[in-house]
Amino acid sequence: MTAILERRESESLWGRFCNWITSTENRLYIGWFGVLMIPTLLTATSVFIIAFIAAPPVDIDGIREPVSGSLLYGNNIISGAIIPTSAAIGLHFYPIWEAASVDEWLYNGGPYELIVLHFLLGVACYMGREWELSFRLGMRPWIAVAYSAPVAAATAVFLIYPIGQGSFSDGMPLGISGTFNFMIVFQAEHNILMHPFHMLGVAGVFGGSLFSAMHGSLVTSSLIRETTENESANEGYRFGQEEETYNIVAAHGYFGRLIFQYASFNNSRSLHFFLAAWPVIGIWFTALGISTMAFNLNGFNFNQSVVDSQGRVINTWADIINRANLGMEVMHERNAHNFPLDLAAVEAPSTNG
């Protein structure tokens, strides 16, 4: 008998690396998107923490009036923020090596641009990693599609809006009070409350919260009883068991009687598709609204739209909101310009008698 022995070629280091990166047996899946995601998110997180604690004041408006945002410069967790890159930089790419010194880079708000660009790249890679893992496990791609909603929203406020406005200084500050300041200024300049895409986003977020609470409470309440009436229903179950613990037919019947028959789902897949699609579509529309308002396609303007027979204005809520917008705009960047942009754009009255 003749035996043929073949030498098995040892796998190259690159081959072993590829297999490890794409293995679904790892405790945490890395994937090719993860190769880019890990360093970008680590960079963004590290710089954010350091800057939030110790970054010096930033000349956000480009008028030599620095604004303090870090903890060591007098802020607390609520008031602290990473101050956006200076208006003097505009939309220029501003890495450390473009500045004359690190002090200049910090003064002009370089950390903000570094954090935002690394963060956006990182979350986009996280979305790609979700798709990649789903693909390798033979799943459908809808997890990544759902995650695209917050990715689109973050991209809108951190990248698209600054591009439309012409400067990273108009981006959203990275902090609690900074976020609220961004929202107030956005309302003052773009009347976002009167934009239909924002209204769809509000319906998506609040509606999604309501539907999630309704679904969770229904599932928790419609248990398949495995015990007698003298025992707790909880005694009939163990954590992580394979058998179903609730009856969707019972939940459907309860909800149908609570509202009306066709207000409830009797199909689990249809129900969960609805729960995913409602907030995702709403947030997509909000991101689209921010992206259009970035280029000054603003919310509806119904100011002074109701007048009496004498031509006198009868104020509506639109006029009240407009008055509030002007007040907020007066307070915004109060040292950068003397008048709100809406007032400054009006032609001056003639002084010739």
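Glycine too: its Cβ is placed from the backbone N, Cα and C atoms.
Remember, it's a predicted structure, so these values are computed and weren't measured experimentally.
Taken from Swiss-Prot, the feature chlorophyll a ChlzD1 binding site covers H118. Under the heading pheophytin a binding site, Swiss-Prot lists Y126, citing sequence analysis as support. What Swiss-Prot lists as [CaMn4O5] cluster binding site is D170, E189, H332, E333, D342, A344. According to Swiss-Prot, the chlorophyll a PD1 binding site annotation covers H198, on the basis of sequence analysis. Taken from Swiss-Prot, the feature Fe cation binding site covers H215, H272. Marked as quinone binding site by Swiss-Prot: H215, S264, F265. Taken from Swiss-Prot, the feature phosphothreonine applies to T2. What Swiss-Prot lists as N-acetylthreonine is T2, and the listing cites sequence analysis. Taken from Swiss-Prot, the feature site 'Tyrosine radical intermediate' applies to Y161.
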Same-chain residues at least 6 apart in sequence whose Cβ lies under 8 Å from H332 ([CaMn4O5] cluster binding site): I184, V185, A188, E189
Rounded Cα separation (Å) that holds between the residue listed as 'chlorophyll a PD1 binding site' and Y161 (site 'Tyrosine radical intermediate'): 15
Rounded Cα separation (Å) that holds between H272 (Fe cation binding site) and F265 (quinone binding site): 9
Shell of the quinone site beyond H215, S264, F265, same chain only (C-beta within 8 angstroms of their C-beta centre): M214, L218, I248, A251, H252, F255, L271, F274
Fewest Cβ neighbours within 10 Å, where candidates are the binding-site residues D170, E189, E333: E333
Secondary structure of S264 (quinone binding site) (DSSP, helix/strand/coil): coil
Integer Å distance between the CA atoms belonging to the residue listed as 'pheophytin a binding site' and F265 (quinone binding site): 32
